[in-house]
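A.B. asks: Handing you this structure, nothing more for now.
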Amino acid sequence: MKLQIQNNFTTELPADPNQTNVPRQVHQSAFSFVVPKKPTNPSLIHASIDVANAIGLSQDDILSTDFLNTFSGSIIYPGTKPYAMPYAGHQFGNWAGQLGDGRAINLTEVVHENKSYTLQLKGAGPTPYSRTADGFAVLRSSIREHLCAEAMHYLGVPTTRSLSLMLSGDQVLRDVLYNGNPAYEKGAIVCRVAPSFIRFGSFELFASREDHDNLKLLTDFTIKHHFPQIQKEGVEKYLAFFQEVTQTTLNMIVHWQRVGFVHGVMNTDNMSIHGITIDYGPYGWLEDYNSGWTPNTTDNQHKRYRFGNQPEIALWNLYQLANALYPLINDAKPLEAILEAYSTDYEKEYLNMMRDKLGFQIKKNQDVVLIQSLTQLLEKVETDMTIFFRNLSNVSKADAATTAFNTIKDAFYNEKDLDETILKDWHDWFEKYSIRINEETLSDSERKNQMNTVNPKYVLRNYMAQLSIDDADKGNYSLLNELFEILKNPYDEQPNFQKWFAKRPDWARDKVGCSMLSCSS
Ligand code: AMP
Ligand code: MG
């Protein structure tokens, strides 16, 4: 197995001079060297061939002992020096101080076909940033990360990738429901892949300590290596950087809203500087379209990170990043201008995204109202988001409102919920929708094809992930493998997998892991 190694981060940024691996505050350093804990009996459960190819590895490499040893943390790949990064963050709106890679260890950067990637093990043991926790990860959360990161990629949502999922062979103690019932679970290790794992919180850490030298070093490094298109200098450079992060973050959120993804823990330490989805913890997929929904039980009271609040929270997080970058800019006005533009830009992008979902190529002013009334209707009774939008593409220009309505009827969880008023509202909506699609130039089948590129047929429904976890826990990985394959082509019909194009079964409604998830992982 041959990787093309590069060590820009550890060569150009300051290292923690202290190499003892105990929890502590680390100052004036961008990283601490740390060695993964050797797992007792590692075994490969699954690897993503596309990610392997992207970093220059083949199917044979995946099956090699080098691969097993390297990506389980058993050996250190020649020429590399693993490290963990400190960062800070706002958690649930509150300043949390120093956090950092508590159970993530960056192995190295690799270069392939002129692209560079950082490879990071998650769950490979403690680091100076582990605080009171153990540095390990359990199988259930690792399956969720591996499957979802890749599913998101194939949906076209910017995301970190997942190269591999391994069992460590060790047991890890977790209290899943935080109710005083800890139990041993199988330990697992995922290898995540991204341009870098620099987060909003990486900048917040230096800024909070008024360590402006390192704040500048980190920002200059990030721009030089990851935003090479920015060719400006001084204040202009930093503003262009902030502008780009704002734009890519906004773009990511529009995608989340398009596919019905709820991140669950949008703390600033979980916001990638690349505008890619990072840290798959208690995330969930909207089944019932409900803007107030969050899967994260820790957030049950305020629902800060609910589906409908994600755009607002991204902006809140961008304010924190702006504050952190302020010492490099020393002028609030241009930062505020970028932040103020976010809301109008978001509205515009959201509108266009929804037009795509509805099959509108022509932009009409009345679309705003049509979309608003649709989302209001979707909230009225339990309606499956994925099935609704996928089936909507079967509506024809010639259909009467009733026929059109029947096309999407499968999306309702309980038809009995549809009282007369709601039925009438749907009827009215479909009458307007019919007029609207008749203004389009595309034929029915052309519109359907276009809609099917933005409305997935298959998403990683919460219960699907949980079923594969239940099986995997017993050593059966066939469902995990099957889900991985289906989710590679989420927009394709894949009639063989039709059974996964179905509403959440009733047993999953209130089951832990399906509709309720804690941060325990
Ligand atoms: P999260 O909520 O998963 O984003 O984690 C918040 C912080 O807690 C990060 O600094 C993580 O690295 C750290 N953390 C989470 N789980 C563990 C663990 N099992 N061991 C050590 N640190 C952890
Ligand atoms: Mg995190």
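Using N, Cα and C of the backbone, Cβ positions are placed for all residues, glycine too.
Note that the coordinates shown come from a computational prediction; the quantities given were computed from them, not determined experimentally.
Feature list, courtesy of TrEMBL:
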- 1-20: region 'Disordered' (REGION)
- Gly100, Gly102, Arg103, Lys122, Asp134, Gly135, Arg192, Arg199, Asp279: ATP binding site (BINDING)
- Asp269: active site, proton acceptor (ACT_SITE)
- Asn270, Asp279: Mg(2+) binding site (BINDING)
A.B. asks: Under 6 Å from ligand 2 by Cβ, which binding-site residues from Arg103, Asp134, Arg192, Asn270?
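C.D. replies: List returned for ligand 2: Asn270.
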A.B. asks: Could you round the CA separation between Asp134 (ATP binding site) and Asn270 (Mg(2+) binding site) to a whole angstrom and send it over?
C.D. replies: 19
A.B. asks: CB neighbours of Asp279 (ATP binding site) within 10 A?
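C.D. replies: I get 23 for this one.
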A.B. asks: List the Cα distance (Å, whole number) between Asp279 (ATP binding site) and Asp269 (active site, proton acceptor).
C.D. replies: 9
A.B. asks: Counting across all protein chains present, how many other Cβ atoms fall within 10 Å of the Cβ of Gly100 (ATP binding site)?
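C.D. replies: The answer is 26 other Cβ atoms.
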A.B. asks: Could you state the CA-to-CA distance between Arg103 (ATP binding site) and Asn270 (Mg(2+) binding site) to the nearest Å?
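C.D. replies: Computed Cα spacing between Arg103 (ATP binding site) and Asn270 (Mg(2+) binding site) is 14 Å.
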A.B. asks: Are there residues of the same chain, six or more positions away from the residue listed as 'active site, proton acceptor', whose CB falls under 8 angstroms from its CB, and which are they?
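C.D. replies: Looking at Cβ-Cβ distances below 8 Å from the residue listed as 'active site, proton acceptor', excluding near sequence neighbours, one finds Tyr87, Ala88, Gly89, His90, Gln91, Ala96, Leu99, Arg199, Phe200, Gly201.
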A.B. asks: Which residue counts does DSSP yield for the region 'Disordered' (1-20) in the helix, strand and coil classes, in that order?
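C.D. replies: In the region 'Disordered' (1-20), the DSSP-based counts are 5 helix, 3 strand, 12 coil.
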A.B. asks: Can you tell me how spread out the ATP site is, meaning the largest CA to CA distance among Gly100, Gly102, Arg103, Lys122, Asp134, Gly135, Arg192, Arg199, Asp279, in Å?
C.D. replies: 22
A.B. asks: C-alpha of Arg192 (ATP binding site) to C-alpha of Asn270 (Mg(2+) binding site): distance in Å?
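C.D. replies: Between the Cα atoms of Arg192 (ATP binding site) and Asn270 (Mg(2+) binding site), the distance comes to 14 Å.
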A.B. asks: About how far apart, in whole Å, are the alpha carbons (Cα) of Asn270 (Mg(2+) binding site) and Gly100 (ATP binding site)?
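C.D. replies: Checking the Cα atoms of Asn270 (Mg(2+) binding site) and Gly100 (ATP binding site) gives a distance of 10 Å.
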A.B. asks: Return one of helix, strand or coil for Asp134 (ATP binding site), based on DSSP.
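C.D. replies: DSSP call for Asp134 (ATP binding site): coil, neither helix nor strand.
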